[in-house]
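Notes follow once the structure below has been shown.
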DNA sequence: TCTGATGCGTC
DNA sequence: GTCGGAC
DNA sequence: GTCCGACGACGCATCAGA
């Protein structure tokens with residue numbers, strides 16, 4: 001057949017949209033074809049030269065075709081490009097160009113096919129030029145209509161409205177043969193020559209894979225499929241393994257029926273050792289495993305898709321295979337010892353699988369749950385998401401292996417019911433410009449849009465979006481953007497050169513976008529991008545100034561990361577400034593030997609009573625620390641299995657609280673045991689954080705990070721501000737250096753440490769420790785103005801400064817490191833921890849550097865850290881309260897009585913309050929109140945230490961002038977924060 | 001020998 | 001991979 | 001429900017050209 005004749009058919013096909021009509025025309029075409037050419041016609045009309053698994057590639061596509069057309073029709077590449085922009089189709093462009101030239105010779109279909117095959121075969125040095133020349137001479141010798149279609153073939157876009165399925169229908173056959181012998185050209189040939197007979201899957205020939213439809217309602221699943229098998233969905237590569245023991249044949253195919261050379265996955269060379277059968281075809285998902293993780297019962301820790309895909313390579317295989325070992329999650333068997341299992345019910349196929357697979361670190365049969373209960377599907381879905389997997393695949397229990405996505409046999413579910421993407425929040429992005437569409441989209445003049453996010457004053461590209469747009473929306477957006485059109489790139493935009501849209505738009509239009517996850521990007525100027533982005537809607541209510549900023553993309557586990565770099569600059573001053581408060585608190589105790597509340601009380605009840613009330617309310621919520629520890633333990637143990645996050649957290653929190661309350665009973669000097677325990681826990685935490693921070697993936701971010709860390713002046717505030725944001729920010733500032741009422745605890749720890757005059761007062765001991773002498777209220781210990789005392793005083797002050805500075809510095813370091821890690825690890829992955837998840841997510845810091853055991857270690861340390869904080873606070877607060885009540889009302893009870901009274905009260909309160917809210921919320925309450933506490937009591941500290949005590953004690957204890965200046969500045973700092981907070985909230 | 005452009009294939 | 005349009 | 005064709009990010013391979 002002359003190619004020109006085929007072209008007439010193709011033109012007719014292109015014009016018709018009805019599939020019935022297309023099918024009719026195709027059968028007419030096949031009727032008119034000889035059996036010798038039918039395969040070539042089929043291939044060419046699909047834009048291919050051979051079935052995928054033969055790996056015939058032209059290596060000539062869009063850009064090269066533009067050059068080809070320029071060469072063939074004597075135009076400049078720019079001229080071709082601009083025509084292409086307009087038509088959106090290189091075939092149409094080629095046709096248009098070819099009309100002005102003569103086409104001397106004619107080619108048959110076979111001629112064209114063979115010439116293209118020659119082009120495909122060429123490679124090596126100079127091949128690009130030769131390919132272009134060959135293609136160009138082919139086009140020059142065809143009539144214009146043929147040129148249209150031949151030019152489209154290399155680009156792989158025939159746009160005729162049909163593909164394999166329709167061809168099969170046109171051939172008048174069922175798809176069963178094609179599905180197990182997916183060479184459409186050969187099938188057409190066999191049909192034409194009446195040789196198509198029943199065949200079965202064959203080793204070395206791929207099977208068209210069965211795909212999962214999507215549904216995110218579990219009840220619908222059960223309604224459609226009845227009894228189902230629920231299985232994890234891994235984020236790896238779909239791999240078919242063909243194995244024949246005789247001659248040790250191993251062949252591998254992908255989802256698209258491409259064959260992969262066995263050298264790519266050397267671990268499969270010896271796969272026969274793990275298969276108890278002579279001959280099998282297995283369906284599986286290959287997924288990379290973290291080689292540093294221990295393999296518990298053979299199972300490893302999964303790497304993400306980006307890592308796994310690196311295994312698909314030709315070079316450096318050995319090294320990469322060591323870094324990214326693959327685990328094959330097997331879930332189906334299609335051929336077993338010569339018998340096709342395709343028509344067996346799924347459950348039976350699985351039973352066979354379990355018999356023949358020797359599970360280990362190479363092959364593993366997916367775990368599954370057979371059920372009819374939508375709730376159980378939901379539970380499994382939740383569980384697998386928690387394990388870091390993609391979701392679930394739900395399979396009809398008695399379904400056959402049906403190639404393609406037809407019917408409700410396999411169903412996948414990624415996101416929660418009712419959600420549109422797996423990202424926890426949708427993003428509001430600024431539309432930076434648009435690209436003219438290709439093919440069908442060309443008529444709308446817009447095919448996709450370039451979208452970005454504000455990063456300070458600059459707007460950086462995040463992703464292109466082209467899916468999710470209806471045709472009406474294409475038009476709508478185009479019209480809007482034309483009004484916002486800008487000849488040049490707006491100067492606040494930053495975009496790399498292969499991301500220049502056809503039309504720039506001034507920042508104004510905001511759209512809502514969703515996606516599955518956030519990935520690191522080298523292509524987009526933001527350094528991040530979206531996996532599977534899709535358009536949701538135009539945000540009519542938002543202008544460019546309201547769009548999501550870079551800072552809003554993360555939520556620092558310690559309340560700060562939500563503002564990303566914008567917050568970082570505040571961190572260092574916020575942690576260090578508390579030094580001045582700590583120092584005054586401890587100074588008072590060192591001089592008088594008394595707790596700080598005694599000092600406040602000496603100032604009068606009208607000041608102290610309200611302050612105490614505030615303090616009292618504040619510490620009702622300290623159970624938040626215990627429940628944060630509980631979250632970590634629940635995550636670690638996953639026990640009790642059936643409990644929700646909340647239930648499990650409460651369960652472990654109660655165990656922790658009750659367990660650790662023992663310290664109060666048995667400890668000789670409570671402060672000592674707390675501090676020793678804390679030392680160990682802190683050391684592990686800090687070392688782990690430092691170690692994690694030195695991992696290469698974190699180091700990359702360090703430069704950028706520290707620039708902001710040490711230069712608070714470069715803080716860029718997020719443009720949107722919600723009341724809850726203010727609370728988080730204020731809390732972060734308060735906690736950066738352990739602030740608010742917590743600073744007052746210093747006084748009591750100093751007392752127990754016996755610093756200064758406190759060494760002459762008694763210490764609080766455990767309830768069950770026999771006490772020779774009752775702990776009493778402190779005596780008034782005033783020392784004389786002697787040279788000896790002066791020297792002693794200098795020593796105390798040195799110690800106080802050192803101790804306070806040490807505490808503040810450690811806080812600053814941990815806070816800084818955690819922010820860095822959040823920025824480097826959580827941010828790129830798009831993990832925004834909230835509520836119960838805060839502690840758990842931080843485990844990823846350790847996991848990223850120390851692997852599986854790092855995670856375990858972190859969760860253990862985190863729970864220890866949190867419960868220890870709770871114990872420490874409960875003890876300290878009980879003393880504050882006891883100090884206060886003992887002094888205020890002489891009820892005839894001892895200090896020790898009041899201490900244990902408040903201890904009991906606080907433990908009880910913790911047990912109750914942790915049921916009311918998540919740990920994050922509880923801790924936020926403490927943080928916000930703390931800021932106001934500073935404003936109230938810093939002046940009181942000043943009065944006590946700078947005015948009152950110098951009147952009663954020797955003059956040498958009077959602080960220096962500049963010290964009162966630092967205290968004043970500190971007070972102003974907190975005053976400003978508190979005022980700012982009130983201002984944004986109200 | 002390195003880098004950018006282009007193509008192809010995975011999800 | 002996601003999504004919308006045509007049938 | 002089915003099929004088709006718009007569109008996404010990103011990793012590796014190859015070739016051209018500095």
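Glycine is treated like the rest: Cβ placed from N, Cα and C.
Heads up, TrEMBL stuff is auto-annotated, nobody curated it.
Not measured: the values here are computed from a predicted model.
The domain 'ATP-dependent DNA ligase family profile' annotation in TrEMBL covers A:319-442.
The transmembrane segment annotation in TrEMBL covers A:563-581 (among others).
Feature annotation from TrEMBL assigns transmembrane segment to A:606-630 (among others).
Residues 623, 626-627, 629-631, 633-634, 637, 640, 643, 752, 763-769, 863, 867-868, 870-871, 874-875, 900, 903, 907, 910-911, 914-915 of the same chain lie 6 or more positions beyond the ends of the transmembrane segment (A:650-670) yet place their CB under 8 Å from a CB of it. The transmembrane segment annotation in TrEMBL covers A:650-670 (among others).
Among the features that TrEMBL reports, transmembrane segment is placed at A:677-694 (among others).
Residues or ranges marked as transmembrane segment in TrEMBL: A:729-749 (among others). Long-range neighbours of the transmembrane segment (A:729-749) within the same chain, counting only residues 6 or more positions beyond its ends whose Cβ lies under 8 Å from a Cβ of the stretch, are 556, 558-560, 563, 567, 570-571, 574-579, 581-582, 585-586, 588-589, 595-597, 614-615, 618-619, 671, 675, 804, 807-808, 811-812, 815, 872-873, 876-877, 879-880, 883, 923-924, 926-931, 933-934, 937, 977-978, 981.
Per TrEMBL, transmembrane segment is recorded for A:804-827 (among others).
Residues or ranges marked as transmembrane segment by TrEMBL: A:856-877 (among others).
Tertiary neighbourhood of the transmembrane segment (A:897-916): same-chain residues 619-624, 626-627, 630, 650, 653-654, 657, 661, 664, 764, 767, 775, 870, 874-875, 877-879, 881-882, 885-886, 922, selected by CB-CB distance under 8 Å and a gap of 6+ residues from either end. For A:897-916 (among others), the entry in TrEMBL reads transmembrane segment.
Residues or ranges marked as transmembrane segment by TrEMBL: A:922-944 (among others).
The transmembrane segment annotation in TrEMBL covers A:965-983 (among others). Sequence-distant contacts of the transmembrane segment (A:965-983) (same chain, six or more residues past either end, CB-CB distance under 8 Å): 573, 577-578, 580-581, 584, 726-727, 730, 733, 928, 931-932, 934-935, 938-939, 941-942.
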So what's the mean pLDDT when you look at the domain 'ATP-dependent DNA ligase family profile' (A:319-442)?
90
Counting only residues 6+ away from its ends, which parts of the chain sit with a Cβ under 8 Å from the transmembrane segment (A:922-944)?
559, 581, 584-585, 588, 599-600, 602-603, 607, 611, 614-615, 617-619, 621-625, 627-628, 727-728, 730-735, 739-744, 913-914, 916, 964, 967-968, 970-971, 974-975, 977-978, 981
DSSP helix/strand/coil residue counts for the domain 'ATP-dependent DNA ligase family profile' (A:319-442)
33 helix, 40 strand, 51 coil
